[in-house]
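In what follows, a structure is listed as structure tokens, so that the remarks can point back to it.
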Amino acid sequence: MSNNTTIPSKTATDICLTDRQMSLSVSSTEGVLIGTIIPILVLFGISGNILNLTVLLAPNLRTRSNQLLACLAVADIVSLVVILPHSMAHYETFETALWFRKFYGKYKFQIIAMTNWSIATATWLVFVICLERLIIIKYPLSVRKQAKFFTPRNVVTIIVVTTFILTSYNHVSHACAEKLFCNGTQYHVACLGIDSERWFRNEPNPNSEFMKSVVRVAPQVNAIFVVLIPVVLVIIFNVMLILTLRQRTKLFEPSKTIRGDSQFTQLQSKTEHKVTITVTAIVTCFTITQSPSAFVTFLSSYVHRDWVTLSAICTILVVLGKALNFVLFCLSSASFRQRLLMQTKQGILRKSTRTVSMVTSSTVVVDSLPESRKKSRVAMEMIERRTSASSCLVGGNRADRTHRANSSQSMIGERMPLKEFRRGTSFV
């Protein structure tokens, strides 16, 4: 729901705004950083996370950790998609386009709310993934007790609903007034905070005191529970995870005396160890790229100053962290690389077999046309032969009857002399 209101005016539509007034960038530095670097990282991050999903959602790899990592990939994809309109606003092609200015002007704060929601979801998912790995490594027996309730579905649902509630204030935090200038060729939007003392046309603020207080308090609550607390917890648990990995590395030295169940147990522990290494790499990258943005967001809620350039740099770091997940999977997991190569080869083989089958089916259809014509000709010749043969049979039956009658008479006439001959020449 957009909070846009139209300011009626009689003469303002004839006034044309300058390029600076029509610019959607706060500064030229922000335009260069957000408009140039972000699109490349967004495209790379979306394609990389899609490849991550193809491997993590394979039927034989749907473990608890992989399901949580797949949910993290989905949250990162959503974040990258909703960040893209902010980057497009810094291009002159979209900045001067009437349709884009209307869309971006009406739904800018809804896009910001979606961005904050998806980033908050990804932040808490990283915390849950790190905590889950730490519990599996340090307390493997307690996982079965907690597996019934703390399933990936329940955990992700709780995170998504909670972060939506904490970031939903962005949908109602501002009210915007839209107007067409320069005889309807320029679209401009001006926005004010709900808690602003000055309103449009210097009128009194029509919003209630409850809404004003909610909009004032909500950013601070969001900064604490969505930004500061999860990032600090991720840093603490990531350090604990790294220390635990260093302690357990000595346990996986090659041994020749391992047999039976102990060998299977060590093999399973090695697998968990490799998964933990991948998770540690992802969480460490998240900590490095997300922490500056978290602290800048937290400080901007209390210290009012110009954070434009620093916020743009932090945004690039956040997008870079989401784009590097695919690289981290490939570098830290040999099984991920093997699965990805195998699925790529299978996809290429499927496409090649489909094209070959389509080509062969088309050639069979083309080759079958003259064969069908030949078969029809042969069938016509067979029918003609059968009709001629049937006519010959009808005429032949009559001739056979007359021939049999004549032959029977001739045989009777011939037998009589034979009998007489036999009687006359008998030796009795």
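Note that Cβ sites are derived from N, Cα and C of the backbone, with glycine treated the same way.
Note that the structure is a prediction, hence the values are computed from the model and not measured.
Per Swiss-Prot, N-linked glycosylation site is recorded for Asn3 (among others), and the stated evidence type is sequence analysis.
Here Swiss-Prot flags Asn4 (among others) as N-linked glycosylation site.
Within its own chain, Asn183 (N-linked glycosylation site) has Thr13, Asp14 as residues 6 or more apart in sequence whose C-beta sits under 8 angstroms from its own. In this structure, Asn183 (N-linked glycosylation site) belongs to neither helix nor strand by DSSP; it is coil. What Swiss-Prot records for Asn183 (among others) is N-linked glycosylation site, and it gives sequence analysis as the kind of evidence.
What Swiss-Prot lists as topological domain 'Extracellular' is 1-30 (among others), and the listing cites sequence analysis.
According to Swiss-Prot, the feature topological domain 'Cytoplasmic' maps to 52-67 (among others). Beyond its flanks by at least six residues, the topological domain 'Cytoplasmic' (52-67) meets 73-74, 129, 132-133, 147, 151-152, 275, 279, 325-326, 329, 336, 339-340, 343 of its own chain at Cβ-Cβ distances under 8 Å.
Proximity of distant same-chain residues to the topological domain 'Extracellular' (89-110), defined by a Cβ-Cβ separation under 8 Å and at least 6 residues beyond the stretch ends, is recorded for 1-4, 22-25, 30-31, 34-35, 170-171, 173-174, 176, 178, 185, 187-189, 191. Residues or ranges marked as topological domain 'Extracellular' by Swiss-Prot on the basis of sequence analysis: 89-110 (among others).
Residues or ranges marked as topological domain 'Cytoplasmic' by Swiss-Prot on the basis of sequence analysis: 132-154 (among others).
Each residue in the topological domain 'Extracellular' (176-222) has a pLDDT score, and their mean in this model is 89. Per Swiss-Prot, topological domain 'Extracellular' is recorded for 176-222 (among others).
Look at Swiss-Prot and you will find 244-278 (among others) tagged as topological domain 'Cytoplasmic'.
Marked as topological domain 'Extracellular' by Swiss-Prot on the basis of sequence analysis: 300-309 (among others). Remote same-chain residues near the topological domain 'Extracellular' (300-309) are listed as 26-27, 29-30, 33, 219-220, 223 (criterion: CB distance under 8 Å, separation of at least six residues from the stretch ends).
The feature topological domain 'Cytoplasmic' is assigned by Swiss-Prot to 331-428 (among others), with sequence analysis given as support.
Beyond its flanks by at least six residues, the transmembrane segment (31-51) meets 25, 73-74, 76-77, 80-81, 83-84, 86-88, 90-91, 309, 312-313, 315-316, 319-320, 322-323, 325-327, 340 of its own chain at Cβ-Cβ distances under 8 Å. For 31-51 (among others), the entry in Swiss-Prot reads transmembrane segment, with the evidence type sequence analysis.
Residues or ranges marked as transmembrane segment by Swiss-Prot: 68-88 (among others).
Positions annotated as transmembrane segment by Swiss-Prot, on the basis of sequence analysis: 111-131 (among others).
Residues or ranges marked as transmembrane segment in Swiss-Prot (evidence: sequence analysis): 155-175 (among others).
The feature transmembrane segment is assigned by Swiss-Prot to 223-243 (among others).
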Surrounding residues of the transmembrane segment (155-175) on its own chain - C-beta under 8 Å, 6+ positions past either end: 1, 3-5, 68, 71, 109-110, 112-113, 116-117, 120-121, 124-125, 128, 191-194, 207, 211, 214-215, 218-219, 221-222, 225-226
Stretch-level contact, the transmembrane segment (68-88) and the transmembrane segment (223-243), CB cutoff 8 A, at least 3 pairs: no
Stretch with greatest number of CB pairs under 8 Å, the transmembrane segment (310-330) reference, 111-131, 223-243, 279-299 candidates: 279-299
Secondary structure content, the topological domain 'Cytoplasmic' (52-67) (per DSSP, counts of residues): 12 helix, 0 strand, 4 coil
